[in-house]
Amino acid sequence: MGAGATGRAMDGPRLLLLLLLGVSLGGAKEACPTGLYTHSGECCKACNLGEGVAQPCGANQTVCEPCLDSVTFSDVVSATEPCKPCTECVGLQSMSAPCVEADDAVCRCAYGYYQDETTGRCEACRVCEAGSGLVFSCQDKQNTVCEECPDGTYSDEANHVDPCLPCTVCEDTERQLRECTRWADAECEEIPGRWITRSTPPEGSDSTAPSTQEPEAPPEQDLIASTVAGVVTTVMGSSQPVVTRGTTDNLIPVYCSILAAVVVGLVAYIAFKRWNSCKQNKQGANSRPVNQTPPPEGEKLHSDSGISVDSQSLHDQQPHTQTASGQALKGDGGLYSSLPPAKREEVEKLLNGSAGDTWRHLAGELGYQPEHIDSFTHEACPVRALLASWATQDSATLDALLAALRRIQRADLVESLCSESTATSPV
């Protein structure tokens, strides 16, 4: 009996332990993170970051779908939330971070604006007026914070970026023309005609007393040294002070001398260039062939010997000379610019006396484009402008001009160019 009672006493705690273990296992099995269950009692699963619920659980398990980059996003783990549309930055907003599957876009106001927390709109930053300076800059959701400039500082400009600036302190060699205020800096001026000295105190003296005195003319080397140094020094420990003058008074004559030298040199250079150009033009004019215009028919040519010759009879006596010259002119391949001025004027007159489009056809044969040809019509004499422009080219040979005239059926001009101008030489 005693053993049976003891066994039953041991079964009580065992039964209680088994009961508690079963309850805990049952509770662990029933725990569901989402707190949602299907109709069959299965725990509904949640969609991860970057995924949204396409079909919530009910009769079936939860169906998830990925969010579209730059279109939708999901930044929570949920069994009910679908993908949300991305925020668009509009108006005064600019995008500081793009919209991705797991994060929305981040917008911020443009420079000079901040986002008002109450309205959510971009507002213009506050401007610190003159006499006030920046304490905290305007950015994100914070407006500009300004303060009045304290003593020793100033701000002479209204803006939202600059703090109060420290006032200028005049040097010992300067005098103050205007005090520094909250709105304007101090203004200093160099003291003219004064020497500032600092002497080494005698042995046993505790202080150095600055003094001023009228200047004496220093040697040239000392003046240059004082201009460069600009400070008072003591030579070899002597108690005699070495005085220097402000650099401004000494440098002004130097600057003026340099400026005058530059101006004179520039004027001389321009004059030399113009003289050289005129000289070259004069030499070029002298090297051109002499204008040999034909004298009127029957005019008498006089030589230094006093013998007169009839130009018409001379022309009749020398036909072979003209023929040879014409052949040389026709095929020598020389430049058009080497023709006598009278011959070029004759060609211009013949072209001017022709039909209105003759010179245009010639310009086309010489290689000019229509727009360039039209530009010659603005000149007083289009034909002269055309031939002068063409004569500057390396290809402006007489053969090229003759070939172009033949192509436009102007044999009369070809004959005129190939015929020698009537000229006589003294007998």
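Just so it is clear, glycine is given a Cβ too, placed from its N, Cα and C backbone atoms.
Worth saying up front: this structure is predicted, and the values here are computed from it rather than measured.
Feature annotations, courtesy of Swiss-Prot:
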COMPBIAS  197-214  compositional bias 'Polar residues'
COMPBIAS  281-291  compositional bias 'Polar residues'
COMPBIAS  305-326  compositional bias 'Polar residues'
MOD_RES   SER311  phosphoserine
REPEAT    31-64  repeat 'TNFR-Cys 1'
REPEAT    66-107  repeat 'TNFR-Cys 2'
REPEAT    108-146  repeat 'TNFR-Cys 3'
REPEAT    148-188  repeat 'TNFR-Cys 4'
TOPO_DOM  29-250  topological domain 'Extracellular'
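Taking DSSP states H, G and I as helix and E and B as strand, the repeat 'TNFR-Cys 4' (148-188) has 0 helix, 13 strand, 28 coil.
Counted with DSSP, the repeat 'TNFR-Cys 2' (66-107) comes out as 0 helix, 13 strand, 29 coil. Mean pLDDT of the predicted structure over the repeat 'TNFR-Cys 4' (148-188): 93.
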